[in-house]
Each structure stands twice: as structure tokens, then as C-alpha cells.
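Asks: Could you have a look at this structure, given as C-alpha cells, before my questions?
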Ligand code: NIG
Ligand code: FE
């Protein structure tokens with residue numbers, strides 16, 4: 001067993017382990033002049049350096065701040081083609097939903113992705129995942145959802161499985177937009193064919209649905225998520241992105257791991273969420289890129305909810321290739337404090353994926369951590385457009 005003592009940590013900064021709700025999201029532990037003992041990829045001890053146990057191998061971190069590795073709980077990192085023409089149209093006033101209703105947007109990504117092989121999808125996604133990891137993301141959720149048919153959905157999930165050899169990924173089956181005809185048959189087949197197949201092949205940990213006027217109704221979403229539960233998979237929901245049509249309430253009622261977006265959530269939705277065990281995942285990159293109202297992050301925390309932050313990396317609504325930037329944007333756009341944003345991007349983001357073994361720098365957790373360039377951890381939420389992350393460690397190994 002190789003033990004390494006990381007020493008000369010100017011500040012070791014961590015939320016408490018496990019999901020944190022409301023005001024507890026601000027409760028960080030900060031140890032000055034700290035050390036951290038790691039063996040077999042797991043944290044064994046943290047504390048002030050003078051109290052550290054003696055070990056053979058030491059690694060001097062040079063006095064900088066250390067924080068937990070970030071968890072990105074919401075990405076669509078596998079896609080082919082691009083959405084550059086959509087972008088140009090949107091910035092000149094054509095709404096995202098109108099582009100989708102005309103058969104563009106997500107549907108155009110489905111055409112390109114459906115035509116790509118597993119190997120092509122792996123190659124396209126790899127560089128995006130490398131960018132996310134360099135930004136500090138040590139665990140990344142990746143959704144399917146650009147498959148034109150079930151075969152294409154499966155190819156996306158196979159690409160994610162291949163990439164798990166290089167990255168720490170959590171795969172989600174996303175039921176994204178319905179076919180223009182035969183949607184009842186489609187939903188039936190998702191529940192009775194696609195979900196059982198994906199569950200039996202172990203290709204996804206959870207199922208997500210885009211519940212929205214231009215996508216699936218609440219009742220269709222309910223049927224899909226109930227099928228997911230029946231097959232032992234976790235559930236998540238894209239809800240209240242453009243309209244609060246009942247998606248948030250559905251996610252809470254069904255005990256989903258997370259409900260994501262929430263830009264259109266009002267007081268009733270915030271109250272429902274605060275009374276549930278579902279994590280609220282907010283996605284400031286989509287707010288910035290689409291120029292839409294921000295999700296009510298401040299109000300959700302004040303109401304006592306557990307908030308997580310993700311990049312939502314995707315070609316249409318959030319070309320954000322940095323988990324650190326998502327964290328920094330949540331402070332500006334959703335009015336989280338720096339401490340809340342760190343909790344949202346670590347333990348709460350892990351909880352949104354059903355993971356309890358990472359996100360905090362305490363004994364027993366996986367040794368995922370970031371050494372920053374700075375001696376003050378607040379450079380992490382502060383910096384825009386350059387990386388404050390010097391090194392990324394996953395399970396105790398520098399990558
Ligand atoms: O989370 N809103 C639905 N799905 C994605 C966008 C996907 C796309 O535009 O390609 C999202 O924003
Ligand atoms: Fe999304």
C-alpha cells in the first residue's frame with residue numbers, strides 16, 4: 001500500500017460530506033497549513049501539518065489552496081455536427097424553442113449524431129471531456145439523447161462506456177424529444193424496449209426526460225420515469241426550462257435524484273422542491289448562452305433546498321467546457337455565495353448523481369482534489385476566462 005502525505009497546503013477547503021441543504025451549503029471547513037494523507041486512492045487523514053502522521057513519501061504542494069475535485073452533474077458531451085447557424089440566428093432574435101419547433105436545434109444534432117459511428121462519437125467527446133477535466137471536473141455525468149432511434153441512443157451510451165476507461169463518468173439515458181408522429185407508440189417502446197435493454201446491459205445509471213411544451217408532457221415523463229424505477233435505474237428530469245408545466249412537481253413526487261434547469265420555476269415550485277429530497281441542479285451556462293432568466297438559486301437555498309451546479313455542456317444551449325466557469329457563473333447569475341457554489345459543485349453535485357463517496361476532503365472519500373495556482377481558494381469562484389486550477393487529482397493520481 002503506497003501512502004502519500006500531501007503537505008504544504010496553504011488552505012484545505014471542503015464542504016461537509018453528504019448532501020447539504022439551505023444554510024448548511026455555506027458551512028465550509030478551512031484548515032490552514034494543512035496536510036492530507038492518501039492511500040489506495042482514498043483520503044485517510046486531513047489536518048494541520050504539524051499533527052500529520054509520519055510516512056515515507058511526501059508531496060509538497062507549494063503552499064497553494066486545495067479544494068475537492070468538482071463533479072459536473074449534467075452534460076450532453078457526446079454529439080456530432082454543430083449548431084453554429086442556430087447560434088447566429090438566435091443572437092439575431094430567433095428563439096431557441098422556435099428553432100426546435102421548425103425541426104432544427106436538438107433535431108439537427110440528432111441527424112448528425114445518428115449518422116456517426118461509436119468510434120467517431122468517442123473521438124468527438126474525448127476532447128470535450130479533457131477540457132472539462134482540466135477545468136477541475138473529476139467526475140462527469142454524460143447523457144445520451146441525440147439518438148434518432150434506439151440504435152443511435154445505444155451507440156451514444158456505448159461511446160460513453162468506452163470513454164469510462166479514460167474518465168470518471170456517470171452515464172444517463174436521456175429521452176430528449178418525441179418523434180413528430182407516433183409519440184404514444186414511441187413512449188411505450190421507450191418504457192418496454194429501450195429502458196429494459198439499457199438496464200440489462202448496464203449502459204446507464206439513470207434515466208432523464210426533457211419535460212417541456214416542445215418535448216414531453218408531464219404524463220409521458222411520468223411513464224418513462226416509472227419504467228426507469230421499475231428497472232432499478234435512478235431518475236432525473238429536465239424541467240421548468242422555458243415553462244413551469246409541472247415537471248418540477250413530478251420530479252419531487254417521484255423522488256428523482258435531481259431536477260435540472262428551473263429557469264421558469266416560481267414560488268410554488270421552489271416550495272415543492274424545498275420540501276423534497278430531490279437536488280435542484282441549476283445550469284448558468286444555458287442562462288448565459290440563451291440570454292434567459294436565471295434559475296432562482298438564491299431563493300432555492302433560502303427556502304432550504306439542496307442546490308447543485310452543472311455545465312449542461314451541449315452544442316445548442318450551453319457550449320460551456322469548464323466546470324469552474326459554471327461555478328463562477330452561478331455566483332454571478334444565480335446569486336450563490338462562493339461557499340455555496342463550492343458545495344453546489346462538489347457534494348451536492350455528487351448527490352445529484354446518487355454518489356456519496358466523493359466531493360468532500362475527509363477520511364473515507366475518494367481522493368479527488370484540485371491544487372489551485374492561488375493560496376486563496378476564492379480565486380476558484382472569482383476567476384473568469386483563465387484557469388485557476390493548477391493540477392487535477394483523481395483517486396490520488398495527478399492527471
Ligand atoms: O439541457 N433543454 C434540453 N436539452 C439541452 C439542450 C440540448 C440542445 O440544445 O442540444 C439542455 O439545455
Ligand atoms: Fe441538459
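Residue 1 is the first one shown; counting continues down the chain.
Each residue, glycine too, has its Cβ placed from N, Cα and C.
Bear in mind that the values here come from a model prediction, so they are computed numbers and not experimental data.
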Asks: Pick from 14, 317, 322, 374: which one does TrEMBL list with 83, 146, 176, 241 for the same 4-imidazolone-5-propanoate site?
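Replies: Site partner of 83, 146, 176, 241 for 4-imidazolone-5-propanoate, according to TrEMBL: 317.
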Asks: Could you look at 149, 302, 312 and say which one TrEMBL places alongside 74, 76, 238 in the Zn(2+) site?
Replies: 312
Asks: For residue 238 (Fe(3+) binding site), which of the listed binding-site residues (83, 146, 176, 314, 316, 317) have their CA atom within 10 A of its CA?
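Replies: Of 83, 146, 176, 314, 316, 317, within range: 176.
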Asks: Restricting the comparison to the binding-site residues 74, 76, 312, 314, 316, which residue's C-alpha is spatially nearest the C-alpha of residue 83 (4-imidazolone-5-propanoate binding site)?
Replies: 316
Asks: Just going by other Cβ atoms within 10 Å, which of the binding-site residues 76, 83 has the emptiest spot?
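Replies: Checked 76, 83; of these binding-site residues, fewest Cβ neighbours within 10 Å: 83.
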Asks: What is the interatomic distance between the Cα atoms of residue 316 (N-formimidoyl-L-glutamate binding site) and residue 146 (4-imidazolone-5-propanoate binding site), given in whole Å?
Replies: 12
Asks: Averaged over the whole of the domain 'Amidohydrolase-related' (66-374), what is the pLDDT?
Replies: 97
